[in-house]
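A.B. asks: Once you've had a glance at the structure underneath, I'll fire off some questions.
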Amino acid sequence: MEDANHDSVASAHSAAFKKSENLEGKSVKIEGYDFNQGVNYSKLLQSFASNGFQASNLGDAIEVVNHMLDWSLADEAPVDDCSEEERDPKFRESVKCKVFLGFTSNLISSGVRDTIRYLVQHHMVDVIVTTTGGIEEDLIKGRSIKCLAPTFKGDFALPGAQLRSKGLNRIGNLLVPNDNYCKFEDWIIPILDKMLEEQISEKILWTPSKLIGRLGREINDESSYLYWAFKNNIPVFCPGLTDGSLGDMLYFHSFRNPGLIVDVVQDIRAVNGEAVHAAPRKTGMIILGGGLPKHHICNANMMRNGADYAVFINTAEEFDGSDSGARPDEAISWGKISGSAKTVKVHCDATIAFPLLVAETFAAKREKERKSC
């Protein structure tokens, strides 16, 4: 009996104190930021990589984006069949990664609009894909449409029926006065009228991206990311153009002044072409939220056998099979991301994660370049 007990205890001891593989030098040691150093936000963000959980994923995302921004063709050896221009060291140094930025409309409703405007203003991204709300919400907030009110902070728990009686629309904990859309109609309908005239007189065939570019020109407002996209010749694609207030405007306009044509086929050629003809550049994807912008950017990059960098920031899960929640590895299976790509998904509200990521990547890089001038 005593021998049996001894064997049981020995077995339990062996189970409890199983010998470990030595991880020293193989894995990052978990440690957080020491505030005894003082408050240094850059070092705080850098510490996220060793913090664990989603802080580490955000730290990894910062690293991936910095790789994306630092890459140049000079990092690669010239291929045998490249052109003479591509052999020139100065040319190779000038060739940078093409950055695709995708985001859902709620982020333009939020203060992330100003972060996105900063990136577009300074031409830090090359291609944008968003939803219809990501177009109209930017225009509605434009200061040049002086009669329009801003979006306001509310509460997630405000009763829908009560808000409806007051003409207030809720987006999470944001409130948008319905008058905004009434005044948006007053602003946009004359522009659609003019576009129809030009379609007839100048034989212009409008596409969603051309329409969006025109609206960016018309808003003429430095607080608008669409204004800067127009000014910097950055294409903004919106394949679901009719799914929002802008679609409502097109619907009502089709009765008041029928005939305007918006061709989506030209735009699918254009957005896919942005990826297909990116070579010899690498491509990187930064996608906030899921749905249409996420898939549209990934699918375009499939046409070139996958993007080289990918950062997804969203709170969706993969277990219902939705594309929104799919991790980068699923996109690799479709050829939308290269098998050798640097990728990460940050499971986090983009209103928290994205400004922090921009602070330690795009903005930090620009500030460093500005100080070195």
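Each Cβ is built from the backbone N, Cα and C atoms, and glycine gets one as well.
For reference, Swiss-Prot lists these features for the protein:
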- 105-109, 131-133, E137, D243, G290, 315-316, 349-350: NAD(+) binding site (BINDING)
- E136, E137, D248, H295, G321, S322, D323, E330, A331, I332, S333, W334, G335, K336: spermidine binding site (BINDING)
- K336: active site, nucleophile (ACT_SITE)
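Tell me about the surroundings of these features in the structure.
C.D. replies: Cβ neighbours within 10 Å of T132 (NAD(+) binding site), excluding its own Cβ and spanning all shown chains: 23.
Secondary structure at D248 (spermidine binding site), as computed by DSSP, is helix.
All protein chains considered, the CB of K336 (active site, nucleophile) has 27 other CB atoms within 10 Å.
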A.B. asks: Among the binding-site residues S105, L107, S109, E137, G290, A316, whose Cα is within 10 A of the Cα of S333 (spermidine binding site)?
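C.D. replies: Near S333 (spermidine binding site), where near means Cα within 10 Å, there are no binding-site residues at all.
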A.B. asks: Provide the number of Cβ atoms within 10 Å of the Cβ of A331 (spermidine binding site), excluding the reference atom itself.
C.D. replies: 26
A.B. asks: Looking at Cβ-Cβ distances, which residues of the chain lie under 8 angstroms from S109 (NAD(+) binding site) while being 6 or more apart from it?
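C.D. replies: Same-chain residues close to S109 (NAD(+) binding site) (Cβ under 8 Å, separated by 6 or more) are G133, E137, T151, I171, L174, V176.
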A.B. asks: If we count other C-beta atoms within 10 Å, could you say which of the binding-site residues G290, G321, G335 has the fewest?
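C.D. replies: With the binding-site residues G290, G321, G335, fewest surrounding Cβ atoms within 10 Å: G321.
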A.B. asks: In terms of DSSP three-state secondary structure, what is the assignment for A316 (NAD(+) binding site)?
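C.D. replies: Once the DSSP labels are grouped into three classes, A316 (NAD(+) binding site) ends up as coil.
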A.B. asks: In whole Å, how far is A316 (NAD(+) binding site) from E136 (spermidine binding site) when you measure between their Cα atoms?
C.D. replies: 24
A.B. asks: In Å, how large is the greatest distance between any two Cα atoms among E136, E137, D248, H295, G321, S322, D323, E330, A331, I332, S333, W334, G335, K336, the listed binders of spermidine?
C.D. replies: 38
